[in-house]
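Below: the structure, in structure tokens.
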Amino acid sequence: MWLWEDQGGLLGPFSFVLVLLLVVTRSPFNACVLTGSLYILLRFFSFEPVPSRRALQVLKPRDRVSAIAHRGGSHDAPENTLAAIRQAAKNGATGVELDIEFTSDGVPVLMHDNTVDRTTDGSGRLCDLTFEQVRKLNPAANHRLRNEFPDERIPTLKEAVTECLRHNLTIFFDVKGHADMASAALKNIYTEFPQLYNNSMVCSFLPEVIYKMRQTDQKVITALTHRPWSLSHTGDGKPRYSVFWKQSVFVVLDILLDWSMHNVLWYLCGISAFLMQKDFVSPDYLKKWSAKGIQVVSWTVNTFDEKNYYESHLGSSYITDSMLEDCAPHF
């Protein structure tokens, strides 16, 4: 039965909801009616995941653990550039993770941040810059190997896809926001390059992005990305807010988000994979998701010992900043 937890179902989460509603309403009848209504709504609005065979073509091509170059391999080349894609292929990556953002005139380009300050010789918010302005920036300007990549430009989504396909790399499209724009842009890309249906996936920290993508095209393989405590703490573990009450509110929101991700949102979106920050991944964690028919991909795995552990012991694909050497994580 799909309902049972050990078969990847929803018995555990809905039992929790039922108990919670019993406490709140103090009425078994009302609690049962509300729980049943929530269940019906979830079933009605949820999407079926793509067939697991297709998902495994992307997550474990040739039935092997995949090493995915984060932002194209941001330690080995300027992140989110065509040079990074070429370098990732040269260094033996199975695929690349690429970040999608939009210029002020709606052109989808590769960029992780919402500003251009960190990676380029320019400044300002990407959404305030036209594509013509963005094209003049140097995305290698602040990279440690900038002298080796003197002629790079910020690529469009189409240019990046063309380069990846040329090198037979799988693609993890990481969508930073703009659910409607991103799903429309990606739908156009999948229409133009139909081989992407068996060679790529769309992932995001934002469930609304993944849900919108599934609404737009249910054939696209998708994944939710998650890091526990991401609302209340930065990537290196520091609190985001100095005011106690504000920090406490976001801690509570983190707890709710984490519960929702693991118990409801994965089912609602019909995902095929869950991209989890590596510090929270264990054999039991992989087993839990495997019972749901979902693959776990860990990020960011940046040391030789960690990679060996994922490949030899866990048998789990991972995302890394470097295909060549140990390096610090890029958040």
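Just so you know, glycine gets a Cβ as well, placed from its N, Cα and C.
Bear in mind that the values here come from a model prediction, so they are computed numbers and not experimental data.
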Key: Where Swiss-Prot places N-linked glycosylation site when the choices are Asn168, Asn198   = Asn168
Remark   = Cross-ref Swiss-Prot: Mg(2+) site Glu97, Asp99; candidate in list Asp151, Asp174, Asp180 matching that site is Asp174
Query = DSSP says what for the topological domain 'Cytoplasmic' (270-331): how many helix, strand, coil residues?
reply = 23 helix, 13 strand, 26 coil
Query = Which residue, out of the binding-site residues Glu97, Asp99, Asp174, shows the minimum number of other Cβ atoms inside 10 Å of its Cβ in this structure?
reply = Asp99
Key: Non-local residues, at least 6 beyond the ends, that sit with Cβ under 8 Å of the transmembrane segment (249-269)   = 10, 12-13, 16, 42, 45-47, 207, 210-211, 214, 222, 224, 226, 228-232, 240-241, 292, 294
Inquiry  = Around Asn168 (N-linked glycosylation site), which of the listed binding-site residues (Glu97, Asp99, Asp174) come within 10 Å, judging by Cα atoms?
reply    = none
Check: same-chain CB within 8 A of Mg(2+) site center, minus Glu97, Asp99, Asp174 = His70, Arg71, Asn80, Leu98, Ile100, His112, Phe172, Phe173, Cys203
